[in-house]
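> Got a structure here, written out as structure tokens. Questions coming.
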Amino acid sequence: MLMIKLLLCMELCPSPLGLEKEYATLFTTDSLHFLHELISTFDEEVDEILQLRVSKKAQLDLTGDLPSFLESTTHIRRDPDWKVLPVPSRLQKRHVDIGDLAPCDTERFIKALLSPAQGIQVDFDDGNCPTYYNQIKGIYNVFKAVHNLFPNVPHISQAPVLMLRPRAWNMVEHNMMVEGKEAPGPLFDFGLLMFHCGKALFEQKSGPFFYLSKVEGYMEARLWNKIFVWTQQKLGLPLGSIKATVLIENVLAAFEMEEILYELQEHSAGLNCGIWDYSASFVNKFGHRPAFLLPDRHKYVNMEKHFLRSYMDLLVKTCHRRGALATGGMAALLLPEDPLSDAYRRVLASVTRLKLLEITAGVDGFMVYDLNLVEPMQKLFKGHSEGDNQLDQLRNDVTVFPEDLLSMPSGGVMLNGLKYNIAVGVLFINAWLSGKGHFFYKGQVEDSATAEISRSQVWQWVRHQTRLEDDGRVVSRQLVTDLIKELIMDLRAQRTRQRLHTAAKMFQEVIAKRHFPDFITTYLNQDHTFLSSQNTEPLQALDKDLRRSKL
């Protein structure tokens, strides 16, 4: 591919078709100098933390050990005096944020900016497909929002606060080379967002605020803190201007929550807990061990189960002890259009029950995908809590031991659960091949988090030759293949047939791998089929296409 903008050992692909203006705005001489310096400064440390992940996993596999709270950092956990710096006023009340919002979807982004939500998770990770087009369009849309360039949208100081979520460490940006290496995806996203928006957000007392995805331990938090300090110095911002919420999406990180807050003391906006990426991490780290067989998630896995409830309670207690905010996961259910229908009441009741569980546990806020859920959930929060947050809920009643975090729920596998996981996995790959990071299926939004748990469970059930509770059949590659054929027959009227067949073949490859691929997004982002499927044509009517695909 033709590369342009050769600058200080940096190569950048030309603009996607239709984004010439956006490209020219983002990739100036000054911004490229900044990106080069940022990436070259921290590139080796990014590789080191990725290698540390591999080393930790290998050590656990070789020894058969299980994670525990670290002896080397006992002094941090036992010291009662340290706290994170108080968050700015705009983060004190975050009852309901809109989650999974891919900012390349301009129409939905504008609707979110006009909504009564406290915040927006501007998502370049789970809910976004990182094509070159989507990254440039999404970052440019953030630029427009921050600099008040969208007509008839509230000023950035009055709009819902932007919680910017760059890609996680496992992702690379194929379209930029820095000193002969592809750029780390999160540094590409973070660097452009900070260079073009950081100072304006700070001056409007509206940021810069970030979500940090898939952090696996305190050493990764330490690296992010170094990046924040360096960036603030380069851009002339005071220390502590950047605030970040770390998503505890990995079982290893659950044992290092206090240490993660400690490393980010000046820059912490708290921690976040969610169900599916976290559950999938058990398969990632221990899925080959029979003792960690994760049963059918639709029947046996929810936040009321002991291992997940312990994780949420520990997160709330840890955060509030240190003066940090604790936020819950995202409600993925979609409200039916008719507010008078029984279906509408059932969905609202289901979301209410699950979110009330989080409020009762002491969370300071959570996310919803459906904009129509914002106001009902704000009323729920107001009716069952007092004040802007629940930092006074110290949860001294909670004591969590390692075995509490590692106790798998009992249960087996249902045929419908297997079919659903297959459908989500295949349709997620299908969405990626069409340049979309999420899709709608059976009344809820699905993204890389649900795709991650879905393909993880199918891989694990095949690996352990698990039997179905329904009829005793063994979950095998052949059974999965047969069920995929049924799925394609059911879906062929709603999807492009050739792309669906390609997605099915890729899913079959993933679940049959001898060694578990760490992340579905890493696997796809490095796959020739996905890379060759990217084109430079603008994605038209993204939200309309996604809505049409709802089954």
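Glycine is treated like the rest: Cβ placed from N, Cα and C.
Sharing the features that TrEMBL gives for it:
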{"type": "ACT_SITE", "residues": "ARG165", "note": "active site, proton acceptor"}
{"type": "ACT_SITE", "residues": "ASP447", "note": "active site, proton donor"}
{"type": "DOMAIN", "residues": "22-75", "note": "domain 'Malate synthase N-terminal'"}
{"type": "DOMAIN", "residues": "161-407", "note": "domain 'Malate synthase TIM barrel'"}
{"type": "DOMAIN", "residues": "416-526", "note": "domain 'Malate synthase C-terminal'"}
{"type": "SIGNAL", "residues": "1-18", "note": "signal peptide"}
> Around ASP447 (active site, proton donor), which residues of its chain at least 6 apart sit with Cβ under 8 Å of its Cβ?
ASP100, ASP126, GLY127, PHE428, GLY437, HIS438
> As a test of reading the model: what is the averaged pLDDT for the domain 'Malate synthase N-terminal' (22-75)?
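Computed over the domain 'Malate synthase N-terminal' (22-75), the mean pLDDT is 97 on the 0 to 100 scale.
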> With DSSP as the reference, give the number of residues of the domain 'Malate synthase N-terminal' (22-75) in helix, strand and coil.
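Across the domain 'Malate synthase N-terminal' (22-75), DSSP assigns the residues as follows: 45 helix, 0 strand, 9 coil.
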> Under DSSP, the domain 'Malate synthase C-terminal' (416-526) has how many residues in helix, strand and coil?
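When I sort the residues of the domain 'Malate synthase C-terminal' (416-526) into the three classes, I find 71 helix, 9 strand, 31 coil.
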